[in-house]
Amino acid sequence: MNDFIAARSQMALSLGFHIIFSCIGMVMPFFMAVAHYYYLKTGQTVYKNVTKAWSKGVAIFFATGAVSGTVLSFELGLLWPEFMKHAGPIFGMPFSLEGTAFFIEAIALGFFLYGWDRFNPWFHWFTGVVVGVSGLASGILVVAANAWMNSPAGFEYLNGQYLNIDPIAAMFNEAWFSQALHMTIAAFAATGFAVAGVHALMILRGNNVIFHTKSFTIAAVFGCAAAIVQPLSGDISAKDVAIRQPAKLAAMEAHFHTEKSASLIVGGIPNEAEKKVDFAIKLPGFLSFLAHGDFTAEVTGLDRIPEENHPPVAVTHYAFQIMVGMGMAMMLVSVLYFTALWKKRKWLQEPWLLKLFAIATPLGFIAVEAGWTVTEVGRQPWIIYGIMRTANAVTPMPGIAYSFYLFTAIYVSLAAFVVFMLYRQIRMVGKLYDVD
Amino acid sequence: MLYIVITYLWASILLYLLLGGADFGAGIIELFTSQKNKQVTRKTLYSAIGPIWEANHMWLIIAIVILFVGFPVIYSTMSVNLHIPLTVMLIGIIARGTAFTFRHYDAVVDDMQHLYNTIFAISSFTTPLFLGIIAGSAVSGHIDPQASTFADAYIFSWLHWFSVTVGLFTVSICGFLASVYLIGETDVEHERLRFAHKAQFFNIAAVVCGALVFAAAWFEHIPLFDWVFGNWIGRIAILSATLSLIWMWTLLYQGKINLLRPLAGFQVTMILLTTTFRHFPNIVILKGGGYLSLTEHAGQEKTIEALAWALLLGSILILPALFYLIYSFQKKPVGYESQVH
């Protein structure tokens, strides 16, 4: 494995690991706040138990997310020193604000986790909400920094020099809003489905049914609402990418040839040598419509982009298909669930709906990982789009492959530990909370 | 504006050394505690650092963000030449944070606890050791951006006597801070005495390691003696630190514990002040006499301005909340033990 590929793999692994923990860390506090609210309003112990049980999950995920985030702030320099040397001062604004948001999150979490029966109950509840809000703010800020890599702004690039830096303009680059919106909703959908799925499984097994039903309902409502609105934000993102990064859109769609009334390609195997897609379903005009809101509009293909600036087509295309597929499946489950809530209450008693949720447990996170693969691989070969190539940013230190193996071992064992920890939490629900 | 940013950088390093250091030290104490006392120590430790440990480690993130936004050349040079110790330190941070959380939140208490405890204690030792090694390397003059061999560029940049002794010195300081901190966290007399003995042990260790640092500096031609004693600030700081140390021990033998923490904190602040003051604004000293300076290698003006505002705004939000958090958990309510789980 050469150093460049090793560095990219290590970065992908670290980000892919961190994103799961940060999503859960920023969304779960809202679920917790709802359960906590019901407890304070109704006094039903089951809601207190749900809040406490979830807060232990949040503590585990937050700690893991915090350390993996700390690691990332160093890895940016360890792996991409040339990038950070120039980009740090330009896109650093959201990071410095994120420091504050993250700090407040940690403080609020201290209050929340250790504050039972110590404070005014509503103050205690409020600290839980602050955990969520500041977590969300952190997430949006970090995504804004990533958006800058896709849509560099706030500086002039002249003869290899980065001049007239304006950190505020860099933060509010053109991509920040669409990316932050898409990611925030994704976090709610993914976490909602993951949490709902686990509780659905427990209900199906007949363990602590009331406890798990309350938990399931809160998570499912959040997750399903997010999954239903997500395609809209996806549409905003797609139209945005079509204008800013035509190469990325072309790779997502494996769209080799520039044409009017371009077809939307569903599935298929991109054949990069012959510049076509085998075995795909083609919907004529739909790509033009999705990218530009007009069935006859021209969509730039990879043929208009110099070969050396092409992103890897197959990976980007597959990842995009996976993301959309998972999103559609979740939307379908969500429509069924809301129908059940409003029109067909008896469905809620039937196991098939819960089984669907149990199956859908990982879908949201698969979509999140696939979506980030699209964003990151689709930006290649650039680390700062159109300005700096990823290959020129990598550390001169040889032997990065060993670092990659080491971090792989660490993250794999850490993931195993977290799963083990959750398994034990869930298994002990009956004993810890005395519920039926 | 630049000086505001530099002040924040220094203050976050100091706070990380004090608060994060006490936090690491708690784990180091565990490593140096006999088997029969471990359980009690762990309990005191948990009730002392549980609610604030996450916040204690945020200072490192603040420092690193200031460095990569405001002083990107310094950040990237250190990242390249100190890649290996930084990686080891990161592994320590991962291991420590997760082991601490897992051992508390594991719903089943069984043999796994032994594993969490071992990982926690060992990483509490290695992380500050490597933090010290990194700090020592930065000023040692061993970093050579022009080095041609792997060993010169990536190994001997940090593996030498001076850095290693600075690492050990950092570890003993952490142990010292934590012991003094924990004296005030328990009401049990013999517990208190045990922590006082620990403080004594780490105090002696710090003096011995400090002497070794000077010896290593002399051996490797690093003008440490001149940095520390070659100016009035340094001499006054060292003198007042020594006096406050004597005062602290006198108070401790009289059984007065109120002033112990501020005094220990003062001593460590003075140590950081003397070791950074003389070569300021140079924060990294390179092989052959080159250096990286906080004033010459700062980012462009607008970046520094935005960063300063972000930090000022951040402190308005963070500091009151943080003080309230620390204040709230100083007083233990009735039945606290039962709520910890």
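Glycine too: its Cβ is placed from the backbone N, Cα and C atoms.
What TrEMBL says about a protein is an automatic prediction, not a curated fact.
Pulled from TrEMBL, these are the features on record:
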TRANSMEM  B:6-32  transmembrane segment
TRANSMEM  B:53-76  transmembrane segment
TRANSMEM  B:82-102  transmembrane segment
TRANSMEM  B:114-138  transmembrane segment
TRANSMEM  B:158-181  transmembrane segment
TRANSMEM  B:201-220  transmembrane segment
TRANSMEM  B:232-252  transmembrane segment
TRANSMEM  B:264-286  transmembrane segment
TRANSMEM  B:306-327  transmembrane segment
Chain residues outside the transmembrane segment (B:306-327) and at least six past its termini with a C-beta under 8 angstroms from it: 1, 4-5, 8, 51-52, 55, 62, 66, 69-70, 299
Outside the transmembrane segment (B:53-76), six or more residues from its ends: residues with CB under 8 Å to it: 5, 8-9, 12-13, 15-16, 19-20, 22-23, 93, 97, 100, 283-284, 292, 294, 297-299, 303-304, 307, 311, 314, 322, 325
Beyond the flanks of the transmembrane segment (B:158-181) by 6 or more, those residues with Cβ under 8 Å of it: 17-18, 21-26, 28-29, 32, 48, 81-82, 84-85, 125, 128-137, 140, 142, 195-196, 198-199, 201-203, 205-206, 208-210, 212-213, 215-217, 219-220, 222, 224, 248, 260-261, 264-265, 268, 271
Same-chain residues at least 6 beyond the ends of the transmembrane segment (B:6-32) whose Cβ lies under 8 Å from its Cβ atoms: 38, 41-42, 45, 48-49, 52-53, 55-57, 59-60, 62-63, 66-67, 70, 96, 100, 117, 120-125, 127-128, 170-171, 173-179, 181-182, 195, 198, 201-202, 265, 268-269, 272, 276, 281, 294, 308, 311
